[in-house]
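Taken from TrEMBL as is:
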DOMAIN    69-149  domain 'Cadherin'
DOMAIN    150-257  domain 'Cadherin'
DOMAIN    258-371  domain 'Cadherin'
DOMAIN    372-476  domain 'Cadherin'
DOMAIN    476-586  domain 'Cadherin'
REGION    153-179  region 'Disordered'
SIGNAL    1-21  signal peptide
TRANSMEM  603-624  transmembrane segment
Amino acid sequence: MNCSALLSLILMLVQLWPCSASTQNHNAHNTEQSFTAVQRVKRAWVWEPLFVTEEQTSMVPVYVGQLKSDLDKQNDNLQYTLTGEGAGSIFIIDENNGKIYVTQKLDREKKPFYTLRAQAINRSTQLPVEPESEFTIKVRDVNDHEPQFLDGPYTATVPEMSPEGTSVTRVKATDGDDPSYGNNARLLYSLIQGQPYFSVEPTTGVIRMASQMDRETKDQYLVIIQAKDMVGQPGALSATATVTINLSDINDNPPKFPQRLYYMSVSEESPVGATVGKVYAEDSDIGENAAMNYSIEGDNSDVFDIITNNDTQEGIIILKKRVDYEKKRRYGIKAKVVNRYIDDRFLKEGPFEDTTIVKINVEDADEPPVFSLEDYVMEIPEGAVSGSLVGVVTARDPDDDDSPVRYSIVHGMHLKRLFSVNEHNGTIITTEPLDREIASWHNITVTATETRNPEKISEANVYIQVLDVNDHAPEFPKFYETFVCENAVSGQLIQSISAVDRDDAEEGHHFYFSLAQEATNSSSFTVKDNRDNTAGIFTAKSGFRRQEQFYFYLPVLILDNGTPPLTSTNTLTVTLCDCDTEVNTFYCRYGAFMYTMGLSTEALIAVLACILILLVFFLAIIAIRQQRKKSPFPEKMEEFRENIVRYDDEGGGEEDTEAFDISALRTRTVMRPHKPRKKVTTEIHSLYRQSLQVGPDSAIFRQFISEKLEEANTDPCAPPYDSLQTYAFEGTGSLAGSLSSLGSNSSDTDQSYDYLTDWGPRFKQLAGMYASQRSFRD
């Protein structure tokens, strides 16, 4: 090329593009990767294609292309440079001749292209002979990725007996190669395992039914799908996936009895609802498609019934009515089974039901006696004498041996006193007369027992109605409180009366009222029958006087309409009241009470006044006694009280020791606060026991006595009994002895009281009293 006027730098990147299938196959066989340089013209830059195989890049740099300029005289005057992505590391350039090399193995899936910049520089001037130009190197794809099923393994379900071509599921594989270059990423699906039942569409991966399949034959299939890239051509990469296809059940099978005839038996003793036996129909379907209902067809559906066990799908035959061996010993029933849920698509194949015959034999058993009736209703008139016939119950043994039966009455001992039954013939009689007014109905239970087998017992209820007999006469329903005023006029209504009857009347009660025959002419009152089971009492004269007669006793005759009719005479008491014409009930009652007591109003007032006076007097006495119980003494009695108290509290020795608490002697405190006097009656026993524990030789005892003497002598204001406390503790061994006469065995003449003068001024008066008494006796 002779272009001296232009600076030409040629980069030649050789790229081999497949023009035919043979050329591509040859390239794919010799290399895994190659590089593509896009031809580009900018000023003097010219790009030409070149290619390189991938295996060469693993050991030494691989030549990619060359930069060349027309100004290059092969004298090393020009320097070629390369910058951009991967320059210096992935791509290098020979700065002398412009040749470009790749030093590493490239992966299109990680980076599909690189952007670079090239420039030629004059070595002498270090100036560029051409402006810098940018170009792109593309990495050409090779088939180095195999397909992948990212969602596998697959599971699908399709109804059994689905028609051919029914879509089951779709599988999908992916390929990491470039889908825009060649056929590296173009996949083709095929079926490796699953023929002839399934097929797969090559380009979409949709799996379809290839034939109808029955779940009852096989319910699960394992299908293997293969995906190849390069449209399945030789040398293509592939992958497989497994698809588990389950056939779901549909109701395409009717139920079938495995037997055409069943034999069963039932005892005649079996109760209603007892299980006779079970039948089972087989159904190849599962779930609700195998659900079935059983029923009984024929005339024996009133004796037997069949129910469905939803858990086991069994038909349970039960007793609907009790059977009797003596009446019928064999039954034949027709059992039917029908699918509960039916698919209309398969009705053309036949009915989804089946039938079978069940023969049932009745077993003989020793049955209890059977009454002719379950309940008996009998009647007997009230008042019937003991032993009267009430009725007859009958029972028999239903078995062939016809065992004799024995009758008895149960349920309450009191019933046996009213009724009894003949144990041989079942005749029921009364044991005492019955009263309808006490009980109109009696319920008893009669049992029948086999004599040969006493365990066989049956019962029957007997209801006995007591028929009414007119044996109760009518009477007043209540006590009538009747008053009449002294000034009452003739023909005045003073009382309305009625009647009751404890008997029952078939047509209702009707009573008739009148005066008794003995009072018809002499009575001051009359009775008027109102014809409605009531009557009125009227006065027969005007004016009454209490002084003449206070009470009137009116005999009223009452007749009922029973058969035979009964009558009774009821006495109505009429009380005369002190009033004009209108009766004041309270006032009249008061007057009647006073008349009964035999007192007038004035006498009653006098009695009440006396009672009040006595009550006041009694309360006054109680108040006086309470006042006398108070303890304070008047000032003028102080001297007399002092003398008495001194005498009571002094001395006594071991007999009178409770005027002071002996526990005071057990303390070493010299000065003690003043304590009030304590009651002797409450402390006498305890102080007596304590005083015995302390004798006169005790230092504590002597010290305490001295202190108390000193306190009494120096305190003129202290009450007398304070000083006497010292003598409350003179126990056994005291030199002075006891001054009390309560426990003294000797008389005063045997004692000397001269030592009292030595005890101080507080005992001066006491010493004088005893000295004067001794002188008087002498």
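Any Cβ shown, glycine's included, is placed from N, Cα and C.
In TrEMBL, annotation is done automatically, which means it is predicted and not curated.
Note that the structure is predicted; figures quoted are calculated from it, not measured.
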What is the three-state DSSP composition of the domain 'Cadherin' (258-371), stated as helix, strand and coil residue counts?
14 helix, 55 strand, 45 coil
Grab the pLDDT values for the domain 'Cadherin' (372-476) and give me their mean, rounded.
88
With DSSP as the yardstick, break the region 'Disordered' (153-179) down into helix, strand and coil residue counts.
0 helix, 11 strand, 16 coil
